[in-house]
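Student: This is the structure I want to talk about, given as structure tokens.
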């Protein structure tokens with residue numbers, strides 16, 4: 001009798017179980033949110049941040065962006081800490097204090113095209129600090145990867161024109177660059193076009209490291225422009241140099257600018273640039289980071305391939321592009337010029353350039369930066385070592401008492 005009841009119960013469970021599982025699957029599918037891949041266009045003033053990429057316990061562009069996305073309810077706390085969990089990528093890395101006018105990020109978010117495109121940027125901008133601005137969000141293809149699909153990256157470097165003063169010209173705010181000097185700069189910049197080995201333009205890479213080979217499409221010097229120094233009540237002339245390449249190694253652009261300035265100021269021969277591409281190690285001077293700006297990331301191949309199904313990523317339309325240019329000047333360029341005039345960073349850098357030694361120790365690529373804290377620590381360490389040496393010398397000079405040696409006795 002008992003066995004019969006158990007068999008009937010098994011049959012009942014066998015019949016009911018599939019229906020229960022089916023109901024659970026339906027509920028899970030309802031809870032499951034459809035996801036989509038999106039591209040985000042943003043710009044930022046980088047002087048307060050330790051670069052673009054997420055770094056533990058340090059303020060970066062990504063850390064602020066992820067905080068805002070979490071507050072908006074777009075991502076979870078786990079995704080905020082580990083952004084690869086929602087396929088977050090960026091088209092280009094920017095170093096500490098470097099700004100960007102058009103940075104591109106890719107990510108997977110809960111599918112809601114209309115909201116992201118109409119209200120997405122405004123939602124994040126309310127939560128972001130004023131020196132980081134989102135310009136727009138567009139739906140991208142499932143396999144969109146901004147770093148891998150970016151064809152080229154364009155950077156600009158803005159500097160006072162007096163950095164190109166000749167030995168017989170004064171290096172000060174009254175300097176005005178000549179057309180002949182601009183032509184000379186463009187002639188020097190053309191040496192960098194094409195593919196070259198830039199191992200001398202980065203850190204801790206050998207000549208035979210293939211990753212040092214980089215391709216540059218264009219490198220041009222623009223027209224000079226004046227900017228008012230309100231504090232000194234004088235106009236200072238600036239100029240921007242623009243470079244477009246597939247990708248760049250760490251410090252490459254700043255070192256190229258430093259090398260060009262060195263040649264124009266006749267501290268090195270033009271032929272020295274070609275030597276930097278060869279196997280001999282050279283210490284190429286690196287220009288300050290303030291003037292460097294990521295202007296644009298190019299997705300021409302992606303746009304052409306998906307022009308019938310997706311909006312372009314290289315150009316975001318007249319309204320957004322106009323907002324980018326306005327924000328670029330107000331947030332980045334203006335602050336860059338005012339900071340340069342206030343700190344006189346280029347003049348300080350030029351003061352050391354004439355003493356720069358191009359012969360470098362291959363093992364020591366970049367000497368550690370000295371600060372008040374590091375110098376104080378070094379002095380304290382030196383004082384401690386000297387104290388220990390003095391104590392050791394005193395111990396040596398002090399006469400030790402003669403110990404009594406026990407005399408053996410015979411039985």
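For all residues, glycine too, the Cβ spot is worked out from N, Cα and C.
Please treat TrEMBL annotations as automatic predictions, because they have not gone through curation.
Annotations per TrEMBL:
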{"type": "ACT_SITE", "residues": "95", "note": "active site, nucleophile"}
{"type": "BINDING", "residues": "155", "note": "substrate binding site"}
{"type": "DOMAIN", "residues": "191-300", "note": "domain 'Pseudouridine synthase I TruA alpha/beta'"}
{"type": "REGION", "residues": "377-411", "note": "region 'Disordered'"}
Student: DSSP on residue 95 (active site, nucleophile), three-state: which is it?
Tutor: coil
Student: Quick one: among the recorded positions 95, 155, which has the most Cβ atoms sitting within 10 Å of its own Cβ?
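Tutor: Its Cβ has the most other Cβ atoms within 10 Å: 155.
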Student: Looking only at the domain 'Pseudouridine synthase I TruA alpha/beta' (191-300), what is the mean pLDDT?
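Tutor: The average pLDDT of the model in the domain 'Pseudouridine synthase I TruA alpha/beta' (191-300) works out to 94.
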Student: What whole-number Å value do you get for the CA-CA distance of residue 95 (active site, nucleophile) and residue 155 (substrate binding site)?
Tutor: 13
Student: Using DSSP with the three-state reduction, classify residue 155 (substrate binding site) as helix, strand or coil.
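Tutor: Reduced to three states, the DSSP call for residue 155 (substrate binding site) is strand.
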